[in-house]
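Features as listed in Swiss-Prot:
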CARBOHYD  ASN110  N-linked glycosylation site
ACT_SITE  GLU163  active site
DOMAIN    272-399  domain 'Ricin B-type lectin 1'
REPEAT    282-324  repeat '1-alpha'
DISULFID  CYS285-CYS304  disulfide bond
REPEAT    325-365  repeat '1-beta'
DISULFID  CYS328-CYS345  disulfide bond
CARBOHYD  ASN360  N-linked glycosylation site
REPEAT    368-400  repeat '1-gamma'
CARBOHYD  ASN400  N-linked glycosylation site
REPEAT    413-448  repeat '2-alpha'
DISULFID  CYS416-CYS429  disulfide bond
REPEAT    452-491  repeat '2-beta'
DISULFID  CYS455-CYS472  disulfide bond
REPEAT    494-527  repeat '2-gamma'
Amino acid sequence: QDQVIKFTTEGATSQSYKQFIEALRQRLTGGLIHGIPVLPDPTTLQERNRYISVELSNSDTESIEAGIDVSNAYVVAYRAGNRSYFLRDAPTSASRYLFTGTQQYSLRFNGSYIDLERLARQTRQQIPLGLQALRHAISFLQSGTDDQEIARTLIVIIQMASEAARYRFISYRVGVSIRTNTAFQPDAAMISLENNWDNLSGGVQQSVQDTFPNAVTLRSVNNQPVIVDSLTHQSVAVLALMLFVCNPPNANQSPLLIRSIVEKSKICSSRYEPTVRIGGRNGMCVDVYDDGYHNGNRIIAWKCKDRLEENQLWTLKSDKTIRSNGKCLTTEGYAPGNYVMIYDCTSAVAEATYWEIWDNGTIINPKSALVLSAESSSMGGTLTVQTNEYLMRQGWRTGNNTSPFVTSISGYSDLCMQAQGSNVWLAYCDNNKKEQQWALYTDGSIRSVQNTNNCLTSKDHKQGSPIVLMACSNGWASQRWLFRNDGSIYNLHDDMVMDVKRSDPSLKEIILHPYHGKPNQIWLTLF
């Protein structure tokens, strides 16, 4: 057992809590998949390294320890003085490695929310979280024996430690509640994230051509569905830590792993071939013109239909072809400006039918190294292949739900991004303010809900350029943004991120700046 990770409620600030959560995440991280931290692969985890403990205290004399299973970041036991209590579903090895010098007892319920809520006689939505709740939990668990109250306090600790380690959205909510000294109850968005952690983790790790095997339905804070079916979906950036599900096929295996371990390790299936829409510029869909499947018919951008229809549905085949109604998305040639057509897969030149969909929403033809592009901003424009410049008109997102993800965006000092005419700056967050609502489109643009013809745009391609609202019809590289799991909002073309100028919101300026990861470059979608 190395250093115990500690958090004390005494003199706690949102900063001390943030440091605690970051230390916990670091201890739990086993690697990266698609750039997102993931828990260790259980097959490579030795039992003696499987558990860690976290010390939670109110003072020098009042503290408990929570035992966490590294393979799922879950609380499996707690220690109070020289007694320890294990949840009924704790792995058998837990008591061999956790709190060994204590008298060990088994609780008569397991750690699932279903069981805990049943015993607590309250749902998660009814149980307030925050510093006060954590103080009470620590002092009660020190000596309390009432099952109902144990269950209730464990619900508090699990969410403020385990769930917060898993999600930036949840650690943010707790941080704000500590800073403002107000309790909060989990909303629909938070509950849906907690309930879908394994689904989201699996979606990311099993993704094929940037696409989840199954859509994951989250909820927004006002309980509207948020359907996530692509790695490029902007909500994926709230994941701080994934459950290990499987290694992506042909992932570069670390040479340090012993062969036998790698063979035992679970590899994701590569057989999966999703059929999805492909949303792009202005939220339009890749569409076979006029439903015509004759060879050479052009592919256009058209508004996504209300119903899923064949000429907007594409199967992402494992042979790297993209097919509608059995025919292949095919480039007419390998020169910039060549048009993209539907063609019989067997008679087309094979290389002209191969596409790779990158994690950043780029669809590229490997032979020509040209990318799928919607040069026209109007409906019905023919799609072509062009030199890759990471333009907004070259950004795509797969999935059957191509509607924009509408959310507020919080940043430095927990302030929210706000549109003001053609400017954008930070203001106190207010869910009811239209000017703080942003529509995140399939093309990577960020648009003010007040006028979705206006996109967040960096004025220039150089460090320090202000970010303002400009017409989306330009389809520029300076209008395409990627929400990354490190919290940055990243511009692919410029390799820079959104930055609150000099960490001073009173300057009322958000600028383009190289990434350094300080708080003035960290953003979060608030659902």
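Each Cβ is built from the backbone N, Cα and C atoms, and glycine gets one as well.
Shown here: features listed in Swiss-Prot, placed on the structure.
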residue	record	Cβ neighbours (10 Å)
GLU163	active site	23
CYS285	disulfide bond	22
CYS304	disulfide bond	23
CYS328	disulfide bond	24
CYS345	disulfide bond	16
ASN360	N-linked glycosylation site	17
ASN400	N-linked glycosylation site	16
CYS429	disulfide bond	18
CYS455	disulfide bond	29
CYS472	disulfide bond	25
Practice item. Could you please provide the mean pLDDT value for the repeat '2-gamma' (494-527)? Key: 98
Exercise for review: Count the residues of the repeat '1-beta' (325-365) that DSSP assigns to helix (H, G, I), to strand (E, B) and to coil, and report the three numbers in that order.
Suggested key: 4 helix, 15 strand, 22 coil
Practice item. Write down the Cα-Cα distance for ASN400 (N-linked glycosylation site) and CYS429 (disulfide bond), rounded and given in Å. Key: 31
Review point. Far apart in sequence but close in space: which same-chain residues, 6 or more away, have a Cβ under 8 Å from CYS416 (disulfide bond)?
Key: SER408, ILE409, SER410, LEU426, ALA427, TYR428, CYS429, ASP430, GLN436, LEU526
Point to revise | Spatially closest candidate among ASN110, CYS328, ASN360, the listed recorded positions, to GLU163 (active site) (Cα to Cα) | key: ASN110
**Study point:** Long-range neighbours of the repeat '2-beta' (452-491), counting only residues six or more past its ends (CB under 8 A)
**Key:** 35-37, 168, 232, 234, 236-237, 239-240, 281-282, 360-361, 374-375, 377, 389-395, 404, 409, 419, 421-424, 439-440, 443-446, 497-498, 509-515, 517, 521-525
Practice item. Look up CYS472 (disulfide bond) in the DSSP assignment and report helix, strand or coil. Key: helix
Exercise for review: Count the residues of the repeat '2-alpha' (413-448) that DSSP assigns to helix (H, G, I), to strand (E, B) and to coil, and report the three numbers in that order.
Suggested key: 5 helix, 16 strand, 15 coil
Check your understanding: Taking Cα atoms as reference points, which of the recorded positions ASN110, CYS285, CYS304, ASN400, CYS455 is nearest to CYS328 (disulfide bond)?
Key -> CYS285
Practice item. Consider the disulfide-bonded residues CYS304, CYS345, CYS455 and say which one has the Cα lying nearest the Cα of ASN400 (N-linked glycosylation site). Key: CYS304
Revision key, fill the gap. Among the recorded positions listed as ASN110, CYS345, CYS455, the Cα nearest the Cα of CYS304 (disulfide bond) belongs to CYS455
Exercise for review: Using a 10 Å cut-off, grab the number of neighbouring Cβ atoms around the Cβ of ASN110 (N-linked glycosylation site), all chains included.
Suggested key: 14
Check your understanding: Between ASN110 (N-linked glycosylation site) and CYS455 (disulfide bond), what C-alpha distance do you get in Å?
Key -> 49
Exercise for review: Could you state the whole-number distance in Å separating the C-alpha atoms of ASN360 (N-linked glycosylation site) and CYS345 (disulfide bond)?
Suggested key: 27
Exercise for review: Using C-alpha atoms only, work out the spacing between CYS472 (disulfide bond) and CYS285 (disulfide bond) and round it to an integer in Å.
Suggested key: 17
Practice item. Specify the secondary structure state of ASN110 (N-linked glycosylation site) as given by DSSP, simplified to three classes. Key: coil
